[in-house]
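Undergrad: Pasting the feature list from Swiss-Prot:
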ACT_SITE  Cys126  active site, nucleophile
BINDING   Cys54, Cys57, Cys103, Cys106  Zn(2+) binding site
DOMAIN    15-137  domain 'MsrB'
Amino acid sequence: MNVTFDLTPPSPSQREALIATLNAEERRILLQHGTEAPFCNRLLDNNQLGTYTCRLCGLPLFHSNAKFKSGTGWPSFFEPYTHTHIRKQHDTSHGMIRTEILCARCNSHLGHLFPDGPPPTYERYCLNSVSLTFIPTGTLLPDQLHRGDNTTYRT
């Protein structure tokens, strides 16, 4: 199913309201490009069918059918919901060279992309659980920005 989502960034007032819903750990990771500890995050062992959306703006980012056990301690996916929903950025922090992945709509930090995933893409999108909200199959996707693009689509 081809569904189009509005990728226009939240207005400053919308962004402020969304940020106000975050706890300190979510702010550290989503806004300050932090990383949660491995093997102790809430979505690592989630095996339910559904869609993983951006914790801040609700944009669909990954589907459960692309999730796999990477053994790294973070939820991992071999492809995004759609490539237009993910923004990639060169990251040289902490003495490493990596590809950071961000939400294409709100620019929240999600995690990193590595070239060591399974077929068919051989990519591993390594995500922070706190960057994501899991929406079970059959549930309406959230519409945090009140744009109406998520309200008619069930996961």
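Every residue gets a Cβ built from N, Cα and C, even glycine.
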Undergrad: Write down the Cα-Cα distance for Cys126 (active site, nucleophile) and Cys106 (Zn(2+) binding site), rounded and given in Å.
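TA: On Cα coordinates alone, these residues lie 19 Å apart.
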Undergrad: Counting by DSSP secondary structure, give me helix, strand and coil numbers for the domain 'MsrB' (15-137).
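TA: DSSP composition of the domain 'MsrB' (15-137): 24 helix, 40 strand, 59 coil.
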Undergrad: Note the Cβ centroid of Cys54, Cys57, Cys103, Cys106, the recorded Zn(2+) site, then list each other residue of that chain whose Cβ lies within 8 Å of it, in sequence.
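TA: Going along the sequence, the neighbours appear as Pro10, Arg55, Leu56, Gly58, Leu59, Ala104, Arg105, Asn107, Ser108.
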Undergrad: Which residues does Cys54 (Zn(2+) binding site) neighbour through Cβ under 8 Å, counting only same-chain ones at least six apart?
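TA: Sequence-distant Cβ neighbours: Leu61, Cys103, Arg105, Cys106, Ser108, Leu110, Ser131, Leu132, Thr133.
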Undergrad: Would you mind checking how many other C-beta atoms are within 10 angstroms of the C-beta on Cys57 (Zn(2+) binding site)?
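TA: For Cys57 (Zn(2+) binding site), the count of other Cβ atoms within 10 Å is 24.
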Undergrad: What's the CA to CA span in angstrom from Cys126 (active site, nucleophile) over to Cys57 (Zn(2+) binding site)?
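TA: Per the Cα atoms, Cys126 (active site, nucleophile) and Cys57 (Zn(2+) binding site) stand 19 Å apart.
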